[in-house]
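> This structure is in structure tokens; I'll ask about it shortly.
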Amino acid sequence: MTPAAVVMSNYGEEEIVRPIADFSPSLWGDRFHSFSLDNQIAGKYAQEIETLKEQSRIILSASSRRTLAEKLDLIDIVERLGIAYHFEKQIDDMLDQFYKADPNFEAHEYNDLQTLSVQFRLLRQHGYNISPKLFIRFQDAKGKFKESLCNDIKGLLNLYEASHVRTHGEDILEEALAFSTAHLESAAPHLKSPLSKQVTHALEQSLHKSIPRVETRYFISIYEEEEQKNDVLLQFAKLDFNLLQMLHKQELSEVSRWWKDLDFVTTLPYARDRAVECYFWTMGVYAEPQYSQARVMLAKTIAMISIVDDTFDAYGIVKELEIYTDAIQRWDISQIDRLPDYMKISYKALLDLYNDYEMELSKDGRSDVVHYAKERMKEIVRNYFVEAKWFIEGYMPPVSEYLSNALATSTYYLLTTTSYLGMKSANKQDFEWLAKNPKILEANVTLCRVIDDIATYEVEKGRGQIATGIECYMRDYGVSTEKAMEKFQEMAETAWKDVNEGILRPTPVSTEILTRILNLARIIDVTYKHNQDGYTHPEKVLKPHIIALLVDSIEI
């Protein structure tokens, strides 16, 4: 909530003082509004990709001549290059075969730190509940990791990456993280490229907690420097990246035109203009071509909830917001006449958007699932209103009361539900499961909430906001800002463990459904890096990623 400022406005017969928003303008202008697909280049890429895809399939299949370490390395490379979605079943079958052939990891090859670490991480990421006690073989009699490992940089790097898939009570992985981090930080300045770049990058952003598409773009450039690279896989990855980027640019152009036609920048100047950042967010949830419709729908929803959020946070007064909240609960265009003129604009746009969703999904007989997204929208608006009243009344709730309300205003209940709308594979049972707030969803929402609270604390404090999570915790427990932030960081770590646990088999829904939740968690780790709010202030955090993924293509 922004502080009150002298912006006079009439409401009935009385003059009111509104807040002033201080959001920076869009970084992008009209850059993405139009995109003309070069069909000749796209066709050429697609043709080459089909040939390379078949060659890559053969490379994956020709495993009998490779050692276990080479097979695992190959799968890891294919996944990091962003082309694994072409070979999902083949990769799943390979990993299943490795696991069933040696479920206790007794082969001598597993005495190699890199091999065991890669296998452990890959199996965990694919849902296998593998015990981390396997790493005991690398510890001494005192239960500490052997100092002799400190010279095995690739082994340490993969141990570090493996430690990020940890769940609750896995102390050995906590020790693995501390041990590998310390030795990698010490070694990094003395390494040669590309290994030095990989170590520095990993310490900045772990693979498991990063946005897959961001990691793909980075890894393609790193893999090109490798002496032992596979040229077929590299060329396939480059072409696939560029072809998929063309689709992403088309989608962003559609979202940008929709946003421009709404003209909120002119009619609702108090709100954030972040359509491009909204689309980037969706690429983190799913980048693959089959999710094109889903990305566009999710991007529009994020942009719309941003407008609603800013209406509560940066412009509206309580009596207006009360009517606005009630109108959204009723979800009927006839309610529009009750609203102030500026609210009519966003109210109509909101209802129109969901009507569009229903029409679009009716083509596949799925219009009924829009109901679940509407209910999440109503929920978040109710909770926004509670926060607005707290601010106006100067009320600081107990931290438990704060969190029970603020989990919804993190937007992640809404965004997770919306992420399934455009997924043809998401059925009513999946939406019902999600509506019951399963543990993995609760963890994801908590993660978003507490990391956002840490990142935005200083800014909100400067605006006069007292009902922040950090302030509430400090007041309740009589601790310093630093201690409160440490506690929230602990809550985030606990939430990550719940997310990691939630993707392990057996699962109540498909891996495809669960991956959206995992990816939403990953977006938080990237967007709020170093406690910065990358969405509100995208200049430092998101701008380089957006340029890498949506502006610059890869040189072929």
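Using the three backbone atoms N, Cα and C, a Cβ is placed for every residue, glycine included.
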> Looking at the ranges 89-93, 249-253, 309-313, 334-338, which is given as motif 'DDXXD motif' in Swiss-Prot?
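It is 309-313 that Swiss-Prot annotates as motif 'DDXXD motif'.
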> Measure from the Cβ of T456 (Mg(2+) 3 binding site) and count the other Cβ atoms within 10 Å, all protein chains considered.
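I count 20 other Cβ atoms within 10 Å of it.
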> Round to the nearest Å and give the CA-to-CA distance linking T456 (Mg(2+) 3 binding site) with D309 (Mg(2+) 2 binding site).
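Between the alpha carbons of T456 (Mg(2+) 3 binding site) and D309 (Mg(2+) 2 binding site) there are 15 Å.
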> Tell me, what is the mean pLDDT of the motif 'DDXXD motif' (309-313)?
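Reported value for the motif 'DDXXD motif' (309-313) is a mean pLDDT of 95.
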> Other than D452, T456, E460, which residues of the same chain sit close to Mg(2+) 3? List them in sequence order, counting a residue when its Cβ is within 8 Å of the Cβ centroid of the site.
D453, I454, A455, Y457, V459, T468, D533
> So for D309 (Mg(2+) 2 binding site), how many other CB atoms are inside 10 Å of its CB?
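For D309 (Mg(2+) 2 binding site), the count of other Cβ atoms within 10 Å is 18.
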> Report, in whole Å, the straight Cα-to-Cα distance of E460 (Mg(2+) 3 binding site) from D313 (Mg(2+) 2 binding site).
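Rounded to the nearest whole number, the Cα-Cα distance is 11 Å.
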> Sorted by position, what residues of the same chain at least six away from D452 (Mg(2+) 3 binding site) have a C-beta under 8 A from it?
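In sequence order, S410, I524, Y528, D533 meet the Cβ cut-off.
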